[in-house]
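S.K.: Can you keep this structure in mind? I'll have questions shortly.
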């Protein structure tokens, strides 16, 4: 084989590693798989726990009732009457004998099982008290991922500043793969809880490193906004596919099947990272990033993080509570529990794809403000639904509005660091992911308890009003000021630019003549 042919694949690989688009593809796939695993468990866990714990316990505890033997048939009392007409004796029933016959016929019938309560409609689950308690348990299980991610994110931000983004991305893939396999073969609440918490560690590495890598590769603000919109499209597509895919596969194939498919896709993502990112390569940032504590004192970063937190908290509260509410009020089958989130997922995908470009033109602050108002209104309309078709409008509006907020706030985070701090993005996207995770930690963990206390409609009113009340704060992101310290940092990073403003000696033509030095002295 000629040497040129041997070098061709390696040349393609080297070109791929230098391509910003392939980096975007890697981040897109990582966010896609992370959020597929995030939502695929939403319709599976409530029904799986109900089936294994409530029904299993009742079937094992209830003693086998022996069928009572039919009582011995007693001859009914009769009386004899002698007929003088034809000298015969006729057997007849007397008044008391008629009552005895009635009792005899009743006692001769086989006993009917007692009915303690009226039968439930077809498809409605039993055990109202168990379902009420399951709201809390399922909420804590879903929140465990975000709580762990909340703790790990700051450490990942510091790690990316020291060793770069490539190795943390691959660590995230490895942990996500282990978590997915655990979900496939976990049969108890405890193992599911551990798998969900482990997913939080992997998600922290993937999301912080991935978003930071995009921000460092796409330095132009407009291009960065478009890239973030595409990457969030992967997140949206994962949310879009996850819940319906999980409910259909669980209903018709089995619990392990959706997780095994995700594990296979995760292996493909790992192979893609090995080829493109070179995860064995350590590439620390040349400039020290702004500390997390300094970024957390920036009011504009806090406003953007709050918008991410509260807008996503609404759908986070829906994830554990909406399927159980549907089981109680709509008697929904398993496949509908995941399909209820389909309108939100589709509209979120449309929103992130559309406003990744449009938000830069209309103003990202305005896009986020309108999005939070629509989030609040949509949440207030969710309890008005009487069947699954009534959820299409509210859930669709909710997903579209969250897409508006996410596609606006993620680029703003990078822009605020460029404008007011050092342009190192690991820490700021750790804060963005912390805000996202706070919504998914506080939402499910408190949502179940609030539903148990005041009901599902009350929960939707609380979180809807919070979103509408927070929306006006986005106005402050309209034109955030740059700090004077930022100009000093830029002058230290780019000393040649600062010298360019100083009057310099005129350039002399080549070749130099004997009189050139004299001419230069006269010019000075």
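Every residue gets a Cβ built from N, Cα and C, even glycine.
Curation plays no part in TrEMBL annotations; they are all automatic predictions.
When I checked TrEMBL for this same protein, it listed these features:
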- 22-45: transmembrane segment (TRANSMEM)
- 23-482: domain 'Major facilitator superfamily (MFS) profile' (DOMAIN)
- 103-125: region 'Disordered' (REGION)
- 110-122: compositional bias 'Pro residues' (COMPBIAS)
- 170-195: transmembrane segment (TRANSMEM)
- 201-218: transmembrane segment (TRANSMEM)
- 230-253: transmembrane segment (TRANSMEM)
- 259-279: transmembrane segment (TRANSMEM)
- 300-318: transmembrane segment (TRANSMEM)
- 338-358: transmembrane segment (TRANSMEM)
- 365-385: transmembrane segment (TRANSMEM)
- 397-417: transmembrane segment (TRANSMEM)
- 424-442: transmembrane segment (TRANSMEM)
- 454-477: transmembrane segment (TRANSMEM)
S.K.: Give me the stretch from 201-218, 259-279, 300-318, 365-385, 397-417 with the greatest number of Cβ pairs under 8 Å to the transmembrane segment (424-442).
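M.R.: Maximum Cβ contact count belongs to 300-318.
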S.K.: Which stretch, 22-45, 201-218, 300-318, 454-477, tops the Cβ pairs under 8 Å count with the transmembrane segment (259-279)?
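M.R.: Comparing 22-45, 201-218, 300-318, 454-477: 22-45 has the most Cβ pairs near the transmembrane segment (259-279).
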S.K.: Is the transmembrane segment (300-318) in contact with the transmembrane segment (454-477), using three or more Cβ pairs under 8 angstroms as the rule and ignoring pairs under 6 apart in sequence?
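M.R.: Between the transmembrane segment (454-477) and the transmembrane segment (300-318), contact is present.
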S.K.: Would you kindly list the residues that approach the transmembrane segment (365-385) from elsewhere in its chain, counting only those six or more residues past its ends and only Cβ-Cβ distances under 8 Å?
M.R.: 307, 310-311, 314, 318, 322, 351, 355, 358-359, 391, 393-395, 397-398, 400-405, 407-409, 412, 456-457, 460-461, 463-468, 470-472, 474-478
S.K.: Return the stretch with the most CB pairs under 8 A relative to the transmembrane segment (300-318), choosing among 201-218, 230-253, 397-417.
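M.R.: Of the candidates 201-218, 230-253, 397-417, 397-417 scores highest.
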S.K.: For the transmembrane segment (201-218), give me same-chain residues lying six or more residues beyond its boundaries with a C-beta closer than 8 angstroms to one of its C-beta atoms, as numbers and ranges.
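M.R.: Here the qualifying positions are 20, 23-24, 26-27, 30-31, 34, 38, 145, 148-149, 152-153, 156-157, 160, 165-166, 168-169, 171-176, 178-179, 224, 226-228, 231, 410, 414, 425-426, 429-430, 432-433, 436.
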S.K.: Across the domain 'Major facilitator superfamily (MFS) profile' (23-482), what does the mean pLDDT come to, as a whole number?
M.R.: 79
